[in-house]
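Q: The structure is given below, and queries will be raised subsequently.
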4 protein chains.
Amino acid sequence: MLSSKKKYIVSGNSGIKAQQIQFADQKQEFNKRPTKIGRRSLSRSISQSSTDSYSSAASYTDSSDDETSPRDKQQKNSKGSSDFCVKNIKQAEFGRREIEIAEQEMPALMALRKRAQGEKPLAGAKIVGCTHITAQTAVLMETLGALGAQCRWAACNIYSTLNEVAAALAESGFPVFAWKGESEDDFWWCIDRCVNVEGWQPNMILDDGGDLTHWIYKKYPNMFKKIKGIVEESVTGVHRLYQLSKAGKLCVPAMNVNDSVTKQKFDNLYCCRESILDGLKRTTDMMFGGKQVVVCGYGEVGKGCCAALKAMGSIVYVTEIDPICALQACMDGFRLVKLNEVIRQVDIVITCTGNKNVVTREHLDRMKNGCIVCNMGHSNTEIDVASLRTPELTWERVRSQVDHVIWPDGKRIVLLAEGRLLNLSCSTVPTFVLSITATTQALALIELYNAPEGRYKQDVYLLPKKMDEYVASLHLPTFDAHLTELTDEQAKYLGLNKNGPFKPNYYRY
Amino acid sequence: MLSSKKKYIVSGNSGIKAQQIQFADQKQEFNKRPTKIGRRSLSRSISQSSTDSYSSAASYTDSSDDETSPRDKQQKNSKGSSDFCVKNIKQAEFGRREIEIAEQEMPALMALRKRAQGEKPLAGAKIVGCTHITAQTAVLMETLGALGAQCRWAACNIYSTLNEVAAALAESGFPVFAWKGESEDDFWWCIDRCVNVEGWQPNMILDDGGDLTHWIYKKYPNMFKKIKGIVEESVTGVHRLYQLSKAGKLCVPAMNVNDSVTKQKFDNLYCCRESILDGLKRTTDMMFGGKQVVVCGYGEVGKGCCAALKAMGSIVYVTEIDPICALQACMDGFRLVKLNEVIRQVDIVITCTGNKNVVTREHLDRMKNGCIVCNMGHSNTEIDVASLRTPELTWERVRSQVDHVIWPDGKRIVLLAEGRLLNLSCSTVPTFVLSITATTQALALIELYNAPEGRYKQDVYLLPKKMDEYVASLHLPTFDAHLTELTDEQAKYLGLNKNGPFKPNYYRY
Amino acid sequence: MLSSKKKYIVSGNSGIKAQQIQFADQKQEFNKRPTKIGRRSLSRSISQSSTDSYSSAASYTDSSDDETSPRDKQQKNSKGSSDFCVKNIKQAEFGRREIEIAEQEMPALMALRKRAQGEKPLAGAKIVGCTHITAQTAVLMETLGALGAQCRWAACNIYSTLNEVAAALAESGFPVFAWKGESEDDFWWCIDRCVNVEGWQPNMILDDGGDLTHWIYKKYPNMFKKIKGIVEESVTGVHRLYQLSKAGKLCVPAMNVNDSVTKQKFDNLYCCRESILDGLKRTTDMMFGGKQVVVCGYGEVGKGCCAALKAMGSIVYVTEIDPICALQACMDGFRLVKLNEVIRQVDIVITCTGNKNVVTREHLDRMKNGCIVCNMGHSNTEIDVASLRTPELTWERVRSQVDHVIWPDGKRIVLLAEGRLLNLSCSTVPTFVLSITATTQALALIELYNAPEGRYKQDVYLLPKKMDEYVASLHLPTFDAHLTELTDEQAKYLGLNKNGPFKPNYYRY
Amino acid sequence: MLSSKKKYIVSGNSGIKAQQIQFADQKQEFNKRPTKIGRRSLSRSISQSSTDSYSSAASYTDSSDDETSPRDKQQKNSKGSSDFCVKNIKQAEFGRREIEIAEQEMPALMALRKRAQGEKPLAGAKIVGCTHITAQTAVLMETLGALGAQCRWAACNIYSTLNEVAAALAESGFPVFAWKGESEDDFWWCIDRCVNVEGWQPNMILDDGGDLTHWIYKKYPNMFKKIKGIVEESVTGVHRLYQLSKAGKLCVPAMNVNDSVTKQKFDNLYCCRESILDGLKRTTDMMFGGKQVVVCGYGEVGKGCCAALKAMGSIVYVTEIDPICALQACMDGFRLVKLNEVIRQVDIVITCTGNKNVVTREHLDRMKNGCIVCNMGHSNTEIDVASLRTPELTWERVRSQVDHVIWPDGKRIVLLAEGRLLNLSCSTVPTFVLSITATTQALALIELYNAPEGRYKQDVYLLPKKMDEYVASLHLPTFDAHLTELTDEQAKYLGLNKNGPFKPNYYRY
């Protein structure tokens, strides 16, 4: 099964009427364009809604604010600049504190700042970015700035902006155009304000989802003449780039940072190993010991879920379609079954396949009373939740993100997050994981910006192995980990450069 | 180190002035008497404060209520009875739903109800109880009722009562005297209403903390003539009973259910294995992988914490004072160190010793920036939190239960729950664990009530091994677990009764 | 199920006719007396037969020796003494090397030698011993000597003596009476030579199996007047002592070192966790990953086996009769089944119950082709091997300790060690485990010898907790483990002596 | 570090003078050509030397045989054929039994025989093979025969042939030319007898090490006109093929089966996870619990070793040069160190790097007394064993494969297998692992033989993903594992064929 995690949720109401006229040819694509709520970048906003711990933080943002649209406000930062548009510039101080806390947990970017201080590898770079706007993104942006770049930034999602962080960035001079709760029209207006500037033209793009890239393609295609490259980190955005490339329409080099080894391992295996437990506990307070669990899919995500639950004393069954992954499950000590074989006896069903309708209404009908059903895999397609919206079943919301679906005979199924990603909805993503991604993005920008003429053509590239290794090495000090260096003799024996790359591209890790 | 978990927190403001005159001789004891907030029984109330999931449940209880003291209200249940005192009888329906959900997760008590239906082993029993009043307690009380007992109940803690559950119990005919937020005077008034009844005299006591027992000793000593026994489940209450026994003042048999094997394993090893992860995640969102952790104490709680963190990829060090537990730590793969040896390098410090001042100011001074400090062990004595209340250190509350203590040089220590029990304050206790305790209490009551004359004298007893085994057996069906029965030949060979007990008393499990 | 490991194998041909006349009243007991081949003490001799690694060592012992009975030889050591009887005094040098190697792995005894050097706590002790005679025993004897004791020694088993070690002991002045391959008559002759000495009378007994104690009871009952105590380490010997005590015939204090915490954990949990894998690999070269295994019995041995196999990727099922152990199995992540439920599907069946006929012919008939059956538990009773000695089944010895039992339809069952203890027969016991036992014995001797009048009466005692803790503490340096010491304040708070004991006797570890 | 396991040991005395004249141009290459003792194929022969279990099997082979060279014997099988050359045709029956036992553990090949029975996918194939000749190889050859192929076979190693198996193959009609203890001249003579046949010309090559391929290239280059392809499974042979390809000299398609996913995982991760424990136990009888271990290299082999030792209670440190693997070690809970940091404290040093001089004399000088040193990685280069051959150090052989190297101050280092592969020398390879390889070879032959014109060019190919998946699927029934099939709807959604391949080529598993 597809083990790579898809990170976006389709939300049905993402009307984009404002764009209908201009981009009639793109209508179909746009209608299916997700309003992205990225998994990783939502740690802070999720926290706000799911625990009381952030309520104090949230309060200074939301409740005291007026209802005026930021577009209608006149705001200036303390240096007199008004080249930004955020909810409330006065929240800058709160945002700064969040950024400072994030800095402590993103040592790799801080190290990058230090190491590159003299040379300024991004001197001259004019980066336009479109990502979630969170404290972690702020650390990335300020790092890019420290490396010499000029940045302008919009949000890639209408809900995920942390207003106080946006304010802090604006206060310290970054032209940021984003707030929580943008309309669709606002969304494109913000992007446009980033690129359509007098006397400033971007030469690098950092995108998350492909909307920024798309906008420039449609509105300012000439801009690409000066653009040295695109860095894209989402599955969706990468997919779009490959389609462009296939169609021969990609006119600058692009770097797919989504598939770098380090990022993948952390997004999937390492992160999910912890978030499956966290998500289940926060929603159900259940005990793991002795529970029977079936995990559908034994890719990286499934491997992480299975290892964690086994360690906590659960009895874990696995379903798979790929015989190689299936054999791995066997060797790791899990019984490989078809879902039907165990569906009556399990206490928990977890999907992580990337597939659709893995758990069907028929399965749901056969589950035992109290069975918990959740999805760690992909979008909201894995569990056929729609099939549960029938008159004979009663839905009861017992907690945020927790529904009891009740059968006529009284049987209750505990459905988490309505079948959307459990780790997105009911858990948070550690800053360390976000640090891996942000560092990968920074290095990709440096690489593309500094690459000698001809190294990259109008195609989509993976992050060079050596850069991937560098991302990893920047995170080792966090663990007080000491890398061994090859001697000259050893390097020669192995036929390797002492500084890497150390593995062939096909190496499986 | 002491591995048994102590379950009470000393809260400074537990004034008991109302009792000063009557019990002058007990003054000292009372002044140090903890206002108990039992770890286990607080799962629901904790949930209310620590996640939004219960907010709907909480809302119907608290916000809509008036400020009148329940003692001043005239309330009747639907059958016309007014022999109770709760916050608001109208909340009964909400409480009933909570009780029904709890019933689903307490199959052992439900099985007891069924098995004992014919014989009514508690027919004639008049039980006065004083425990936390939660949905789980309600399931216990209604089970005792189904087994033939009459019950009257008060709360053992002034904060922990779930008002809607108390209402549901009152509505279904249980004389309950308890509400959330009692004054000290209310507290004793409620207890007195349970025992000081015309035409009804208790013959069994179920106590949690010893206050009910104490009250009867002081006010109605003659009542003990008819009392067949006391069942006590708290460390504190058990300690008091042993003191009474030592002093020759215990005048009925008492059963210490706190130290039964099954209850101990679930309260400590199995429960803490999960709650250490849960408590750390909910408060800090940290990643466990690669973190260096020192766990102080390798009793049952320490063993649980170590196993869980090791499984999540942490590097775990252990400190111990007892060489046998120390050797166990070695054989389980943990480096045994003195705290000083690793204090500079660890990311997390966890105490589970039952000891005091295990983490001193000197240790705290030497920890690295960002180090997380928490207590899974005993009361709030293990970490010398008082030593951090000095002018040069700044405290910053960053979330509920999470303080940053900031040194003059900017170093931050992340202190959880102000050094109180992490699993009490920042996690919940699964109903399954509460089910073990409630079943143990029910069986102890049955045993004491039905024991032939002379089996128990005026002393403190442990739950008979066979009963302990029975509690375990009642929880096996939850796991679809199938016990093997001895053949006659095998029983004879082993010299055992086919129905147990299967182990000598000193068996270590 | 009985979780304590029984360590002896009943061998049918242990005729003891030489003793028939003298001890007619003991006939029945003697006829069922096992010819003991203790599990633990056999590491070296097993090694000799099961791997080629010891063949060089073995060769100098066996092949070059003549057939003359040692009793008929005249031998002197280099100092001119002939107060010993061993196979060949000339082998002393080889034995010395084995002893020196063992010394390196028994640091606790070496530490005891050093610590007690000044005071000689066994000065004046005259110890008569009867144990397996191996390099590890030699280290124990020489330690006792260094602590001031005089020793005379016989073998507790007619096969287990390492001749070259016996020679080395004789050479360095120990009166040793033992050789490999004694007759029954030799056996008692050797024991008698230890105790029946002119001008020397023992005041301490160290026994393994109770034969030495028995002999003195029968032949020299008056000797007990001077004997200060008996130290016994076998299950069988301890059982005999308890019977004597019960019958009021025990006339000196005895110490049961078999049930000390440290020894039990190492003999069972820690040792079996490793030897189950070792025993299966050496006999079958099988792969563990993905194999389905059923482990009968979840005591310490079962827990060790299950944990090891789970870690290697096997899928493990457990059977139990005791609901408490059963619940532990559930919480540790094992499905609890009846043997019948899984017997058709499993690849391996392992018994560790202490029970008899746990695996019956009916089970064996239903196993699948290639199923491996072995016993880690007790004696050779757990698997009904006798039921396989029927004409329709063919036995094929495919390796040492490995039989294929072949059904008429061609199905093969792989039976290991003919149902005897796998860890005894097909694996070795690490010296570290033997070190724990030897240290326990030494400390028990010191305690009994030095105890003030009245501390011990004519009864069987467990090793005092403090001594048990001391054994553990002496083994900590092996792991470079650093114990924490209580401060005065902490000791007072806990009500403990700073030097232990740290736990109550009922503590479960 | 190179994580792929190199499987060959350089043995210094592999003179090849017989070939000097003919192949003068190849002299340099040949002089460094290893006399291969393949790791995997040696399970039986290793068993013979390392346990007594095979001694009966070995005895009928070796001791009773005469000294006459097989080349000088006249032998006929029972059908009258003499087109073979083996040690002794009369041993056929013993060999047949070994083959039958192997068949039981190689269900995938047996399934292949059944599935392909009708169609005979190798009808017309004339396969010349050169591999280790063991029972497992025999099962492969007879499977190829059952699929329609004609085979002629020689040994790829002068020591590894099991004579009785060769006899059984000859008896059943396979022209086999191989015996244990061939001279270098014999070696090439046998190969020549396979290919230089009147009226028979091979159209497929199955090689292990590249010698057969090399011989045909040199002696019968025209043969390649009819050859459809080469299947090669060794690292060395594959390396040679890539060199040929690079040089433009490869004139037929070749398939590298060494790097297939399934084979790699079993050869490295799964196999080493078990063999590290096995190898250490068989040689040292050590206890793993509490031991400090440093594992050099965290590729697949290192990951397996670390996981196994951690599970057994060892404390494991890791050294790495590659930051990505290093970060994985951190996330898996291992401290990442430089060897120097821990060399004084560890009890065991294990190399699995593929590198040279990872453990130097300087390290060896600093190790503590009793430290065990062994190699799981590559050849015998990882530990600088040569540096220990100095006069001041004493070598003492204490067991087969175990040397004590003794420093002047008495310190002993325990060196296993003289630094050669521990798993080759001191452990066995489970038949299941060999089954994976043999099945991979069979499928590669089928694929190359049946591929339509043009699918494969004159290049080196990896096994198609779908074939790799098929190998895995053939091994699932062993574990009673049930694969899930995609529905049409799901296959369409995922854009996959229902029968696979299920993953892109770069998927990391």
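Cβ coordinates come from backbone N, Cα and C, glycine included.
So TrEMBL lists these for the protein:
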REGION    B:23-82  region 'Disordered'
COMPBIAS  B:33-42  compositional bias 'Basic residues'
COMPBIAS  B:43-62  compositional bias 'Low complexity'
BINDING   B:Thr134, B:Asp208, B:Glu233, B:Lys263, B:Asp267  substrate binding site
BINDING   B:Gly299, B:Glu300, B:Val301, B:Gly302, B:Lys303, B:Gly304, B:Glu320, B:Asn423  NAD(+) binding site
Q: Please report how many Å separate the Cα atom of B:Glu320 (NAD(+) binding site) from that of B:Glu233 (substrate binding site), as a whole number.
A: 28
Q: Which of the binding-site residues B:Gly299, B:Glu300, B:Gly302, B:Asn423 has its Cα closest in space to the Cα of B:Asp208 (substrate binding site)?
A: B:Asn423
Q: To which of the binding-site residues B:Gly299, B:Gly304 does the lowest count of other Cβ atoms within 10 Å belong?
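A: With the binding-site residues B:Gly299, B:Gly304, fewest surrounding Cβ atoms within 10 Å: B:Gly304.
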Q: May I ask you to pick out the binding-site residues among B:Thr134, B:Lys263, B:Asp267, B:Val301, B:Gly302 with a CB closer than 8 angstroms to chain C's CB atoms, ordered by sequence, or 'none' if no residue qualifies?
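A: Near chain C - Cβ to Cβ under 8 Å - we find none.
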Q: Determine, to the nearest whole angstrom, how far the Cα atom of B:Gly299 (NAD(+) binding site) is from the Cα atom of B:Asp267 (substrate binding site).
A: 12
Q: What is the number of other Cβ atoms found within 10 Å of the Cβ of B:Lys263 (substrate binding site)?
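A: For B:Lys263 (substrate binding site), the count of other Cβ atoms within 10 Å is 22.
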Q: Please tell me which one of the binding-site residues listed here (B:Thr134, B:Glu233, B:Lys263, B:Asp267) sits closest to B:Lys303 (NAD(+) binding site), measuring Cα to Cα?
A: B:Asp267
Q: Tell me, in order along the sequence, which binding-site residues from B:Val301, B:Gly302, B:Asn423 have their CA within 10 Å of B:Asp267 (substrate binding site).
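A: Within 10 Å Cα-Cα: B:Val301.
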Q: Can you tell me which of the binding-site residues B:Glu300, B:Val301, B:Asn423 is spatially closest to B:Thr134 (substrate binding site)? Compare CA atoms only.
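A: Going through B:Glu300, B:Val301, B:Asn423 one by one, the Cα closest to that of B:Thr134 (substrate binding site) is B:Asn423.
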Q: Suppose we draw a 10 Å sphere around the Cβ of B:Lys303 (NAD(+) binding site). How many other Cβ atoms does it contain, all chains included?
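A: Summing over all protein chains shown, B:Lys303 (NAD(+) binding site) has 25 other Cβ atoms within 10 Å.
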Q: Mind giving me a neighbour count for B:Val301 (NAD(+) binding site)? Other Cβ atoms within 10 Å of its Cβ, every protein chain shown.
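A: That number is 32.
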Q: Checking the spread of the substrate site as listed (B:Thr134, B:Asp208, B:Glu233, B:Lys263, B:Asp267): what is the longest Cα-Cα distance, in whole Å?
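A: Across B:Thr134, B:Asp208, B:Glu233, B:Lys263, B:Asp267, the widest Cα separation comes out at 19 Å.
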Q: Between B:Glu233 (substrate binding site) and B:Gly302 (NAD(+) binding site), how many Å separate their Cα atoms?
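A: So the alpha carbons of B:Glu233 (substrate binding site) and B:Gly302 (NAD(+) binding site) sit roughly 22 Å from each other.
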Q: According to DSSP, which kind of secondary structure is B:Thr134 (substrate binding site) found in, if we only use helix, strand and coil?
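A: Its secondary structure by DSSP: coil.
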Q: What's the number of neighbouring CB atoms sitting within 10 A of the CB on B:Asp208 (substrate binding site)?
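A: For B:Asp208 (substrate binding site), the count of other Cβ atoms within 10 Å is 28.
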Q: What is the biggest Cα to Cα gap, in Å, among B:Gly299, B:Glu300, B:Val301, B:Gly302, B:Lys303, B:Gly304, B:Glu320, B:Asn423, the residues listed as binding NAD(+)?
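A: Binding-site diameter by Cα atoms for NAD(+): 21 Å.
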Q: What does the structure give for the C-alpha distance between B:Lys263 (substrate binding site) and B:Gly304 (NAD(+) binding site)? Integer Å is fine.
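A: Rounded to the nearest whole number, the Cα-Cα distance is 15 Å.
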Q: Give the number of CB atoms, excluding that of B:Asp267 (substrate binding site) itself, located within 10 Å of its CB.
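A: Around the Cβ of B:Asp267 (substrate binding site), 25 other Cβ atoms lie within 10 Å.
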Q: Around the Cβ of B:Glu233 (substrate binding site), how many other Cβ atoms lie within 10 Å? Please give the count over every shown protein chain.
A: 28
